[in-house]
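First up is the structure itself, then whatever we jot down about it.
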Amino acid sequence: MAVAVRTLQEQLEKAKESLKNVDENIRKLTGRDPNDVRPIQARLLALSGPGGGRGRGSLLLRRGFSDSGGGPPAKQRDLEGAVSRLGGERRTRRESRQESDPEDDDVKKPALQSSVVATSKERTRRDLIQDQNMDEKGKQRNRRIFGLLMGTLQKFKQESTVATERQKRRQEIEQKLEVQAEEERKQVENERRELFEERRAKQTELRLLEQKVELAQLQEEWNEHNAKIIKYIRTKTKPHLFYIPGRMCPATQKLIEESQRKMNALFEGRRIEFAEQINKMEARPRRQSMKEKEHQVVRNEEQKAEQEEGKVAQREEELEETGNQHNDVEIEEAGEEEEKEIAIVHSDAEKEQEEEEQKQEMEVKMEEETEVRESEKQQDSQPEEVMDVLEMVENVKHVIADQEVMETNRVESVEPSENEASKELEPEMEFEIEPDKECKTLSPGKENVSALDMEKESEEKEEKESEPQPEPVAQPQPQSQPQLQLQSQSQPVLQSQPPSQPEDLSLAVLQPTPQVTQEQGHLLPERKDFPVESVKLTEVPVEPVLTVHPESKSKTKTRSRSRGRARNKTSKSRSRSSSSSSSSSSSTSSSSGSSSSSGSSSSRSSSSSSSSTSGSSSRDSSSSTSSSSESRSRSRGRGHNRDRKHRRSVDRKRRDTSGLERSHKSSKGGSSRDTKGSKDKNSRSDRKRSISESSRSGKRSSRSERDRKSDRKDKRR
């Protein structure tokens with residue numbers, strides 16, 4: 001350890017000597033010793049200035065500026081006092097009065113006109129010409145003056161050119177000197193910086209060496225102390241005590257050995273820590289030296305960059321002196337650069353176009369997805385609409401069932417009565433029943449097994465009835481009125497249908513056959529003006545719930561025929577009752593009156609007879625009423641056997657009456673009387689019912705008549 005302390009002391013001495021050398025170099029550069037500390041008072045005096053502080057010095061400076069005339073003039077004080085000022089004012093007043101006196105005298109004195117008049121001298125043209133023409137002496141004088149001026153100007157020009165050349169040379173020399181001075185200054189700064197950095201590094205080394213020396217000395221002292229302690233036994237308890245027995249025994253010998261082992265272990269650990277600490281202290285200056293090296297590298301790079309900048313400046317000067325020799329090359333390079341820029345711009349434009357196309361494709365895809373979603377939503381919503389339609393259909397079916405029960409009672413009651421009041425009220429009841437029937441035509445039909453059975457029966461009836469039936473005969477004028485009334489009634493019924501029907505339904509409103517219209521032409525020319533209207537119900541397209549079967553045509557045929565025959569019975573029975581009360585001469589008038597009172601029944605019978613003969617026309621008109629035929633056939637299903645007997649008898653009687661009606665109108669009365677006998681027995685039981693129901697429907701009939709009249713007026717308009 002003593003050797004280590006000596007080596008450290010030697011290193012410390014060497015470092016001190018090198019530091020002294022650095023201080024001397026700094027003194028040479030700066031002219032002062034870096035170890036000398038400046039006095040604090042001198043700094044304060046230099047900073048504060050002659051005033052000794054901020055405020056005083058600034059005031060003195062301000063006063064100095066104002067006195068020198070650079071700033072605003074200071075206020076001048078009058079030293080003479082107030083008396084001198086007053087005396088001066090009096091003097092100025094006296095002087096102003098003296099000056100104003102002679103002016104007042106001039107104003108008072110009268111002005112006199114001068115007797116001397118200046119003669120006007122007019123120069124002639126010759127005099128002017130002579131003045132312009134110069135003598136030879138004047139010309140020579142002018143030439144000399146002009147020559148002198150030109151000579152002076154040329155001299156000035158020459159001197160100016162020489163001066164410019166000299167100035168250029170001076171400027172070049174000054175620039176070179178400035179560059180050299182800057183380089184020298186930079187070198188001096190770099191040297192100074194390096195010297196100060198060396199000085200700092202040496203100082204750090206000295207400090208480290210001093211610390212090492214101190215630590216080494218402490219370690220030596222501690223080792224000496226440990227060498228003394230190791231001979232004693234150390235207690236296990238703290239604080240540790242060292243003792244030695246007077247007489248040694250094996251137990252004490254063991255304790256000494258154990259304590260020595262422990263102490264040696266402590267000493268070794270302490271030495272290791274000391275060595276590590278010294279290594280750390282040596283590593284610190286190494287790190288500092290690495291930082292210094294990095295700084296030196298950065299400085300060298302800066303110097304190289306500065307030198308390159310100086311070379312570039314020299315090259316630029318050489319290019320300026322030699323001229324623009326490389327302009328062509330530069331122009332070509334500029335053109336190539338422009339072409340490159342244009343190509344870059346084109347590529348950028350193409351990229352932008354591609355991006356726009358991609359955006360458009362993405363938008364199209366998004367729109368398609370939205371459309372698909374909307375269609376799925378609509379498909380989901382369609383089943384809900386179908387369920388609503390089915391619910392409406394079920395409600396309509398319940399209503400139709402109730403109406404069928406009412407109609408069966410009404411159909412049984414609609415037969416002739418002996419009283420004239422019943423004759424007038426029965427057609428009104430039929431008109432009230434008719435809109436309900438038309439409403440049923442628009443409602444959806446029921447597809448059941450019973451409906452199919454009824455269709456088969458109706459087809460068999462058609463085959464039996466189509467063979468013996470003759471051509472229909474047109475009835476007189478009163479038939480046209482109920483047809484028009486039915487048209488007027490059917491239009492509001494069709495318009496008030498609910499939106500449950502999915503398809504467009506074209507409804508022909510009781511179109512008469514061409515034969516009937518031809519025969520009515522000479523009887524009612526006024527009625528031709530009213531056109532037969534067909535009403536269409538257009539609704540939102542929904543999946544069809546109801547389907548119209550071709551078999552419905554046959555159903556409507558049978559229904560219309562059965563209705564016409566039942567009403568022929570009533571009309572004939574009524575005509576016979578009226579003819580029995582009146583004389584044979586007035587039978588034609590009474591029959592016409594009865595037919596006019598029962599307008600609805602006669603019109604319906606004519607329409608039914610015309611539909612039976614004209615097959616295609618009746619099928620077209622009855623295609624719209626397919627759904628109601630099934631309900632009618634059910635309501636009439638109870639009295640099929642009775643209806644067959646009546647229909648056969650009615651057909652035979654029609655054959656007999658058709659020939660008579662063509663020959664003369666009065667023959668209808670006789671035919672109706674003959675047919676009455678067979679029907680009276682069957683119709684007597686039903687007359688009582690019709691009377692009671694007709695009395696109930698009296699109020700309704702009056703309202704229906706008003707509605708009919710209003711509809712007629714609207715159509716005529």
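Just so you know, glycine gets a Cβ as well, placed from its N, Cα and C.
Database features, via Swiss-Prot:
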- 2-32: coiled coil (COILED)
- 163-234: coiled coil (COILED)
- 287-379: coiled coil (COILED)
- 446-467: coiled coil (COILED)
- 87-100: compositional bias 'Basic and acidic residues' (COMPBIAS)
- 120-139: compositional bias 'Basic and acidic residues' (COMPBIAS)
- 330-340: compositional bias 'Acidic residues' (COMPBIAS)
- 359-379: compositional bias 'Basic and acidic residues' (COMPBIAS)
- 394-413: compositional bias 'Basic and acidic residues' (COMPBIAS)
- 453-467: compositional bias 'Basic and acidic residues' (COMPBIAS)
- 555-575: compositional bias 'Basic residues' (COMPBIAS)
- 576-630: compositional bias 'Low complexity' (COMPBIAS)
- 634-652: compositional bias 'Basic residues' (COMPBIAS)
- 653-664: compositional bias 'Basic and acidic residues' (COMPBIAS)
- 671-691: compositional bias 'Basic and acidic residues' (COMPBIAS)
- 702-717: compositional bias 'Basic and acidic residues' (COMPBIAS)
- Lys121: SUMO2 cross-link (CROSSLNK)
- Lys137: SUMO2 cross-link (CROSSLNK)
- Lys155: SUMO2 cross-link (CROSSLNK)
- Lys157: SUMO2 cross-link (CROSSLNK)
- Lys228: SUMO2 cross-link (CROSSLNK)
- Lys280: SUMO2 cross-link (CROSSLNK)
- Lys304: SUMO2 cross-link (CROSSLNK)
- Lys311: SUMO2 cross-link (CROSSLNK)
- Lys359: SUMO2 cross-link (CROSSLNK)
- Lys365: SUMO2 cross-link (CROSSLNK)
- Lys528: SUMO2 cross-link (CROSSLNK)
- Lys553: SUMO2 cross-link (CROSSLNK)
- Ala2: N-acetylalanine (MOD_RES)
- Ser48: phosphoserine (MOD_RES)
- Ser66: phosphoserine (MOD_RES)
- Ser96: phosphoserine (MOD_RES)
- Ser100: phosphoserine (MOD_RES)
- Ser114: phosphoserine (MOD_RES)
- Ser115: phosphoserine (MOD_RES)
- Lys238: N6-succinyllysine (MOD_RES)
- Ser347: phosphoserine (MOD_RES)
- Ser375: phosphoserine (MOD_RES)
- Ser450: phosphoserine (MOD_RES)
- Ser658: phosphoserine (MOD_RES)
- Ser692: phosphoserine (MOD_RES)
- Ser695: phosphoserine (MOD_RES)
- 46-139: region 'Disordered' (REGION)
- 221-284: region 'Sufficient for PSAP complex assembly' (REGION)
- 279-717: region 'Disordered' (REGION)
- 606-717: region 'Necessary for interaction with PPIG' (REGION)
Let me know how many other Cβ atoms fall within 10 Å of the Cβ of Lys365 (SUMO2 cross-link). 10
Using DSSP, what is the helix/strand/coil residue split across the region 'Sufficient for PSAP complex assembly' (221-284)? 44 helix, 4 strand, 16 coil
Between Lys157 (SUMO2 cross-link) and the residue listed as 'N6-succinyllysine', how far is it from one CA atom to the other, in Å? 109
Residue distribution over DSSP helix, strand and coil in the compositional bias 'Basic and acidic residues' (702-717): 15 helix, 0 strand, 1 coil
Rounded to a whole number of Å, the separation of the Cα atoms of Lys280 (SUMO2 cross-link) and Lys137 (SUMO2 cross-link) comes to 109
Could you check which of these recorded positions, Lys238, Lys304, Lys359, Ser375, sit within 10 Å of Lys137 (SUMO2 cross-link), going Cα to Cα? none
Taking the Cα atoms as reference points, how far is Lys359 (SUMO2 cross-link) from Lys365 (SUMO2 cross-link) in Å? 10
Whole-number Å only: compute the distance from the Cα of Lys155 (SUMO2 cross-link) to the Cα of Lys365 (SUMO2 cross-link). 90
Looking only at Cβ atoms, how many others are within 10 Å of the one on Lys238 (N6-succinyllysine)? 6
